[in-house]
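Participant: I have a structure I would like to understand better, so I am pasting it below and will then ask my questions one at a time.
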């Protein structure tokens with residue numbers, strides 16, 4: 001009987017998701033300046049824009065690149081570099097153009113948004129997360145289903161993978177006992193990589209160390225303060241010795257690599273009422289950071305007084321797995337997770353007065369809800385070169401590259417109001 005009820009619930013949920021998606025699609029011309037939807041061969045659990053951009057002469061688009069991965073059913077997995085053509089501001093984008101045969105949106109005049117896979121490198125198991133090294137973006141670290149963290153220099157690998165499926169990383173980083181997701185390169189110290197793991201620890205490597213046999217580098221330091229799965233780790237963006245970590249023990253910990261005590265952080269806070277899945281330091285304000293949790297909230301923190309949570313962002317209906325500050329705007333951050341939504345928040349609107357109708361859609365600081373995904377969002381990335389452009393990937397193979405309409409973040413009242421999720425008013 002329970003099985004029947006579960007099947008019925010699933011069918012109802014699927015119908016609701018489909019209806020919501022239809023409404024979203026109908027409203028895209030009002031809500032977005034750009035939407036590109038691309039079905040990947042396999043879902044990617046990870047997405048990160050590379051920092052470079054090419055602007056071909058005489059063309060109405062620029063070329064950007066993404067680091068992706070695969071999560072296959074039992075077939076060979078790959079680390080993937082893809083290229084994306086984004087239309088210039090003066091190119092005509094027609095959001096109503098949907099190519100049903102290709103299953104992708106994106107006409108700008110006669111040019112359709114091109115997304116192409118450029119490089120595939122054999123990988124051991126799915127790519128839980130992949131992140132490039134800021135000082136040399138050709139170097140990419142990956143988290144695997146094993147305890148190893150792999151490092152690839154993609155310039156040293158052919159763009160088409162060896163059919164044997166042999167995975168040949170340039171380094172193997174050892175120190176963990178289990179897999180995990182958190183991964184962070186130090187932006188101020190080249191080659192210093194942090195990794196978080198299900199084994200309750202955080203490992204630090206210096207990849208400039210001389211590898212042992214088999215290209216293996218052992219962890220330089222192992223931090224053991226958490227008492228449960230460590231979900232995420234992140235270096236501070238200005239201070240080379242500071243980093244933060246979050247875990248299923250509901251704690252946010254701040255660490256200083258100059259301390260000799262690797263089992264006790266500088267600060268430990270009970271950050272949420274459930275597992276803490278992600279964190280992000282503000283690129284403009286050295287004291288501000290955000291954490292996202294299974295308690296469905298994003299929390300805002302000030303390093304100078306961690307006893308006091310500055311704010312709690314509430315609108316998500318389920319666990320939050322990713323939070324990232326905008327690289328272009330000090331007050332803007334985004335969060336995503338299991339509820340299939342990516343929310344963009346604006347700190348500067350906290351506490352603004354709202355009409356009762358507006359309040360029904362969410363708090364004033366909820367700037368935008370991206371409703372284009374029909375499955376859990378695994379990861380997203382703000383484009384470093386094009387303000388307000390985000391790439392998001394979901395568990396159903398879909399990758400979307402999108403930009404909310406300029407009038408939404410410009411504080412101008414658009415003609416005919418549309419609530420943030422495009423469910424029309």
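Each residue, glycine too, has its Cβ placed from N, Cα and C.
When I checked Swiss-Prot for this same protein, it listed these features:
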- 2: N-acetylalanine (MOD_RES)
- 32-125: repeat 'WD 1' (REPEAT)
- 126-175: repeat 'WD 2' (REPEAT)
- 176-223: repeat 'WD 3' (REPEAT)
- 225-270: repeat 'WD 4' (REPEAT)
- 271-314: repeat 'WD 5' (REPEAT)
- 315-371: repeat 'WD 6' (REPEAT)
- 361-406: region 'Interaction with HAT1' (REGION)
- 372-404: repeat 'WD 7' (REPEAT)
Participant: DSSP three-state call for the residue listed as 'N-acetylalanine': helix, strand or coil?
Facilitator: helix
Participant: State the non-local partners of the repeat 'WD 7' (372-404) in its own chain: residues 6+ outside its ends, Cβ under 8 Å from one of its Cβ atoms.
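Facilitator: Here the qualifying positions are 17-18, 21, 24, 28, 31-49, 51, 53, 62, 64, 66, 68, 84, 86, 113, 115, 129, 321-322, 324-329, 334, 336-338, 340-342, 344.
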Participant: Once the chains shown are all counted, how many other Cβ atoms turn up within 10 Å of the Cβ of residue 2 (N-acetylalanine)?
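Facilitator: Other Cβ atoms found within 10 Å: 6.
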Participant: Suppose you look only at the repeat 'WD 7' (372-404); what would the mean pLDDT be?
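Facilitator: Overall, the repeat 'WD 7' (372-404) comes to a mean pLDDT of 98.
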Participant: Can you break down the repeat 'WD 6' (315-371) into helix, strand and coil residue counts using DSSP?
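Facilitator: Counting residues by DSSP class gives 9 helix, 22 strand, 26 coil.
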Participant: Summarise the repeat 'WD 7' (372-404) as counts of helix, strand and coil residues per DSSP.
Facilitator: 0 helix, 19 strand, 14 coil
